[in-house]
Amino acid sequence: MRRIYPHRHLLGIEGLSRPEIVALLDAAESLFDVSRRSVRKVPTLRGKTVVNLFYEPSTRTRTSFELAGKRLSADVINISVSTSSAVKGESLLDTVQNLQAMQPDVLVIRHAASGAPHHVAAHTRAAVVNAGDGTHEHPTQALLDAFTIRRAKGRLEGLEVAICGDIVHSRVARSNAHLLTTMGARVRFAGPRTLLPIAGESLGATVYDRIEPALEGADVVMMLRVQRERLSGSFLPSTREYSRTFGLNPARLALAKPDAIVMHPGPMNRGVEIDPRVADGAQSVILDQVEAGVAVRMAVLWILAAEANEFSATGEPRPAP
């Protein structure tokens with residue numbers, strides 16, 4: 001039986017085919033209701049070990065990966081870098097080689113350096129999942145965003161998606177652009193010129209330095225925070241000025257289609273890039289994104305760690321072909 005996802009790792013969205021993306025989204029759909037059961041657990045990854053190795057702060061991603069592994073019955077180990085040997089000077093490679101000696105099945109890694117998960121994948125037999133690397137990619141965030149959009153809109157192809165804010169530092173914007181354009185959606189980037197990538201068009205996006213034209217007729221509006229921890233110069237004026245010119249408020253949202261949905265990968269800076277009335281409004285699917293994250297990460301762990309040829313996502317043996 002052909003594997004539904006033919007890759008050993010999930011290091012990025014760039015390069016994945018449309019059928020591979022659909023396979024991941026469909027697997028997440030099959031697992032979505034597990035989290036709504038009275039017993040939120042299936043035996044799919046019993047006997048497997050998942051190690052979460054986060055070199056950057058995280059709330060949603062780390063928690064949802066932990067929940068995803070546990071709801072699949074895997075043994076989940078969370079390593080806090082602040083209390084690990086990394087603070088004593090141990091290199092990423094040495095950390096990974098020591099973890100490999102303990103025979104994990106999956107390593108989930110977040111790191112400030114772009115390309116770090118690729119480096120890890122070259123030095124371990126475990127499957128590697130990129131949980132965000134520098135300003136490069138965040139593949140599971142793009143998958144959960146696509147999952148949320150598909151549930152809300154019934155499709156991805158043909159949609160107009162506006163991604164607004166700090167694009168140049170956003171791995172979320174890059175992964176979403178790769179995924180959405182592969183699936184036939186049209187992507188618009190909007191932000192201050194200092195926060196736009198030099199070659200945004202190379203990601204398949206139409207680029208605007210004002211938010212209003214990007215919002216006009218949009219089906220989906222995704223807001224991004226300004227990543228001040230990555231700023232190294234005078235990238236933007238004051239917070240108040242940024243909110244005035246690029247914040248999503250009810251008046252600006254009215255430029256999008258009446259049934260447009262509003263998204264944000266978090267963490268939100270309320271009153272800066274997004275008005276609380278919009279974040280908590282009827283068009284917001286921000287908490288739906290958070291819920292989708294568990295199902296999507298369950299699907300990724302299942303596909304990479306389990307014998308996907310032999311078992312369904314919920315742990316039942318597949319019928320013989």
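Even glycines carry a Cβ here, placed using N, Cα and C.
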According to Swiss-Prot, ARG60, THR61, HIS138, GLN141, GLY266, PRO267 bind carbamoyl phosphate; which of ARG36, ARG110, ARG228, ARG240 is also listed for that site?
ARG110
Determine the most Cβ-crowded residue among the binding-site residues ARG171, ARG225, using a 10 Å radius around each Cβ and all protein chains in the structure.
ARG171
Among residues ARG60, THR61, ARG110, HIS138, GLN141, GLY266, PRO267 annotated as binding carbamoyl phosphate, what is the maximum Cα-Cα distance? Answer in Å.
16
Do you know which of the binding-site residues ARG60, LYS88, HIS138 has the most other C-beta atoms within 10 angstroms of its C-beta?
HIS138
What Cα-Cα separation, expressed in whole Å, is found between HIS138 (carbamoyl phosphate binding site) and ARG225 (L-aspartate binding site)?
15
